[in-house]
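Copied over from TrEMBL, here are the features:
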DOMAIN    38-488  domain 'Biotin carboxylation'
BINDING   LYS154, GLU238, HIS273  ATP binding site
DOMAIN    158-355  domain 'ATP-grasp'
ACT_SITE  ARG330  active site
DOMAIN    565-841  domain 'Pyruvate carboxyltransferase'
BINDING   ASP574, HIS780, HIS782  Mn(2+) binding site
BINDING   ARG646, THR917  substrate binding site
DOMAIN    1118-1187  domain 'Lipoyl-binding'
Amino acid sequence: MLLHVGGMRSALGLLAVRRACCLSRTTHNSPQTLEYKPIKKVMVANRGEIAIRVFRACTELGIRTVAVYSEQDTGQMHRQKADEAYLIGKGLPPVAAYLDIPDIIKVAKENDVDAIHPGYGFLSERSDFAQACVDAGVRFIGPSPDVVRMMGDKVEARSIAIRAGVPVVPGTDGPITCLSEAQEFSNTYGFPIIFKAAYGGGGRGMRVVKEYEELEENYQRAYSEALAAFGNGALFVEKFIERPRHIEVQILGDKYGNVIHLYERDCSIQRRHQKVVEIAPAVQLDPHLRDRLTADSVNLARQVGYENAGTVEFLVDKHGRHYFIEVNSRLQVEHTVTEQVTDVDLVHAQLRVCEGRSLPELGLKQDKIRINGFAIQCRVTTEDPARGFQPDTGRLEVFRSGEGMGIRLDSASAFQGAVISPHYDSLLVKVIASGKDLPAAAAKMNRALAEFRVRGVKTNIPFLQNVLSNDQFLYGTVDTQFIDENQELFNLKPVQNRAQKLLHYLGHVMVNGPTTPIPVKAKPSSIDPVIPPVPLGEPPVGFRDVLLREGPEGFAKAVRAHKGLLLMDTTFRDAHQSLLATRVRTHDLKQIAPFVAHNFNNLFSVENWGGATFDVAMRFLCECPWKRLQELRALLPNVPFQMLLRGANAVGYTNYPDNAVFKFCEVAKENGMDIFRVFDSLNYLPNLMLGMEAAGTAGGVVEASISYTGDVSDPMRQKYSLEYYLKLGGSEPNPLMWFISTTYMFYLYCDMAGLLKPESSRMLIGALRDRFPDMPIHVHTHDTAGAGVAAMLACAEAGADIVDVAVDSMAGMTSQPSMGAIVACTKGTNLSTGISLENVYDYSEYWEVARGLYAPFDCTATMKSGNADVYENEIPGGQYTNLHFQAHSMGLGHKFKEVKKSYTEANKLLGDLIKVTPSSKIVGDLAQFMVQNSLTRAEVEERADELSFPLSVVEFLQGHIGIPHGGFPEPFRSKVLKNMPRVEGRPGASLPAMDFQALEKQLRETHGNDITPEDVMSAAMYPKVFQEFKEFTHQFGPVDCLNTRLFLDGPKIAEEFEVELERGKTLHIKALALGDLNKAGQREVFFELNGALRSVLVKDTVAMKEMHFHPKALKDVRGQVGAPMPGKVVEVKVKQGQAVEKGQPLCVLSAMKMETVVNSPLSGTVVKIYVNADSSLEGDDLILEITE
């Protein structure tokens, strides 16, 4: 039965009566006569939230206030809330300062303090402190010293409870003095047992022991915690009651023997014996049990002559039996919920009782106390639930609280810029919600917590929100095992924190420069491209509509039946790979995509994904390649998308298990990919066919891509002759021809280096068209020599259906031929593309300006024109640009001509390869190796058995990417490999299948539950790159929302700009200032965000190289053991050179008065220790190294 009787809203109304009229009082109905002594000045011997709570009550009653603070608390808010503030415990450790009784009394006497309020924790339950106050003539706002002593001694309090007839839990008669006494108790009563601090509470010094093997370690930890928290490590032992409810009763007594209760609170929701959520009154509590609890509490208080506020705590077992635990002779942290449901200001009452007022005089009579509704208190702490509630420390970069009807906030130093140290309790703010019933109060609490914005430190708010949404919490009863048994509470909704993370990124770029490597010193253009007008409504029908309607077979027939030349636009991928090192961002692609959808609907396809852009998106652009595909698909729904698939290598540079390639194609198709251009860098059919089968099985359109090299029009070059290509394409029965005949495919000839001349184009495409009259033929080339337009026109005239182009401003040189040139040259002929030149001009203008944003990556920074020497060196277009940049970055820019010649020689050394990624990289690596070491081809051949070749060259010769046409070069291969193993057959054929479920589980454990199937594929393709990408986005947020200039160069001081996080959520940002270097090697960067001042601290990487800092543990090195939380080292339990077992304790850390044992993650030997006792550590600081 719940109590819903109307509350007494004016119970303490007469407390507001002017103090001047109350000079002295005599007792009524009391044999004792006491003088009423008004209090003029109160000191709070505490800090934080409780100090501020008392100061506010004093101010309301016209009492002057005095704060004390430690050296570490100079910036804390409680100093500023008091009328006066004084330093205590100078030179002492943080906690010891607040335990320095002589200094506190000295400050009180020197400043005419009338009374001292102890708050909770620290000295609040120390009888010697209460006595010191009395001896100094200063009133102690609490029980008498004798009562504090009796109640603070858990053993004596237990004896008093027994004399008062209150049930108790079996336990020791007095504090134990050694481990053997605990062992003797456990032998008598069995396990589980619990250690409790004899001189304090709050969960400090409290440890549950479930089996004998845990006894010694927990005894030592409990003793150490109690000593640190209360100055006395004495413990007593009790039988541990399993699955109890923790119910406590608020009592209030005066100096005249009057004692009342203010009903109960349910504090069962705990972790590590510390209360997390408190409720008043207790839900579904039997009325008879309530009566017994309150009666026992009042009787116990009267038994000792209790005065002032206190709490009697009980355990209630599953049978409804209650057991006395202890009396907290002080104000409790959770007193707030009692105040809310009874409308009694407990601190006001404490002060008035201390002055000599009686409870009846204050209007506080038992029959007047009523409960009105329910109240919940949540302790918002700077603890990380995802890491075992480890305390987090740092600077509050943002603090915004939840407010509104039914919400009360009791906070301490919760404000922007406050520093949360590891020295004290992790409590940030207490949030109290009131409502007519528990669900109503929980709804208000949930809403208020959702309004909080705390940035800079982790908090337990997501965990609290899960508790408040739990059905058992809302509609049932909970016990002290509630958190342990409801692991779904730890399924935490990630805090996005997007705005602050983006400010961190912008600040980082302003201090340290771009995060992506910049090949040349050039600034992005300050001019943003203008997006051409786009009509409203849906875009017109395109070839993708044919594909969706008729499938790959109908699509292939429609392409072959099409009158005129079809174009594939490479502007969205290969063009910028060739010209801008694949650095073009999704942001700029998205802006122009709607224009393409509306004006280029008759394109065969847009190449926009795969190949090098996949890993570069994560590696350098810090964006998800799958998100790019999804967003472009939504903006460009009518034109087919085409991607580059490297056969058995998918989008990687290595071999993958077959099922990984199949799964990748499946996920790509699901995300909007249509056409898979499948190739192998060596035209190695087993690799090529695996990719084709994977793409076809996924339901994609398959283009069987044959990589072109050499010159079929030159009768002197016989290795890659016309006969070779016709045979490879299916002139004779072969597996590829059979596979093509059973599916609906396209033939694509990939001329990656731009080697096709008009004559060779006519010969090759003409012969293919004769052989395959019904098969669509597609040709891809690069314009490195400047003959691309002529070659593609020749291909079209010879029977090609599709040729590749790039929009004019992104065409030419190492990119594809010009779209505008092809459109203009075919206009009015039977090869007409049907594309408007006016649209091409607008499209080109956008990219001309957009290209300026990528000035640091533009090939024109080091290359001013195409070059016909490509017919000799055969360097692919995309690689030509990268080689140029690499040569300049390695100081070989002046030797690029030599690099190109060495490329030719390296190609010959390797047997004259088809040069496409990754074979082109192998040739390039060998070429640069030769130039760096001044080696000729003859010298390399002669010294092959002694040179240290690049790894890519060695792996190629081992057979890691397949078997080249004509076999491996001998004796060069044998001299390089000597006795090294060789791969026989298709490299990936022997690899075991990839376990995607295990991989997903691993990713969820590392990165949380928001892992998608696309993330799993990214990790499967590029494990390390994906890991680094996730770490980057976790630190810096969605940087893909920034425009390109901001991403690369950051904002200028006083620049104002907007960032759209999502539709309807836009940030207005202004960069204000860049601070000086501080002692920690950081600079403070100031912004204005949505009108509010924000700042971030950014490490200056250049400056930090010159400063010494404690090393960090590397997460990917198993033997490096890092600090799981910030804190101080209490004890190092191992020595250098010592052998340790997995799980063995290595050291003990203390943070916020809680101790954590760091255990060994593996068995091995301690090779180096980086800390000692009293070392102060930050999270992930290196503690020691272990070798297996």
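Any Cβ shown, glycine's included, is placed from N, Cα and C.
With the fewest other Cβ atoms inside 10 Å of its Cβ, the least crowded of the recorded positions HIS273, ARG330, ARG646, HIS780, HIS782 in this structure is HIS273. Neighbour count (other Cβ atoms within 10 Å of the Cβ, all protein chains): 32 for ASP574 (Mn(2+) binding site). Looking just at the domain 'Lipoyl-binding' (1118-1187), the mean pLDDT is 86. When the domain 'Lipoyl-binding' (1118-1187) is classified with DSSP, helix, strand and coil residues number 0 helix, 39 strand, 31 coil. Ranked by Cα separation from GLU238 (ATP binding site), the binding-site residues ASP574, ARG646, HIS780 are led by ARG646. Taking the C-alpha positions, the distance from ASP574 (Mn(2+) binding site) to THR917 (substrate binding site) comes to 13 Å. Excluding ASP574, HIS780, HIS782, which define the Mn(2+) site, the same chain contributes THR570, SER578, CYS750, ASP751, MET752, GLY754, THR781, ASP804, SER815, GLN816, GLY877, GLY878 within 8 Å (Cβ to the Cβ centroid), listed in sequence order. Recorded residues THR917 (substrate binding site) and ARG330 (active site) have their alpha carbons 74 Å apart, per Cα-Cα distance.
Ranking the binding-site residues LYS154, HIS273, ARG646, HIS780, HIS782 by Cα distance from ARG330 (active site) puts LYS154 first. Nearest in space to HIS780 (Mn(2+) binding site), taking C-alpha to C-alpha distance over the binding-site residues LYS154, HIS273, ARG646, is ARG646. Sequence-distant neighbours of LYS154 (ATP binding site) (same chain, 6+ residues apart, CB-CB distance under 8 A): PRO175, LYS196, ALA197, ALA198, PHE236, GLU326. Pairwise Cα distances among LYS154, GLU238, HIS273, the recorded ATP-binding residues, top out at 16 Å.
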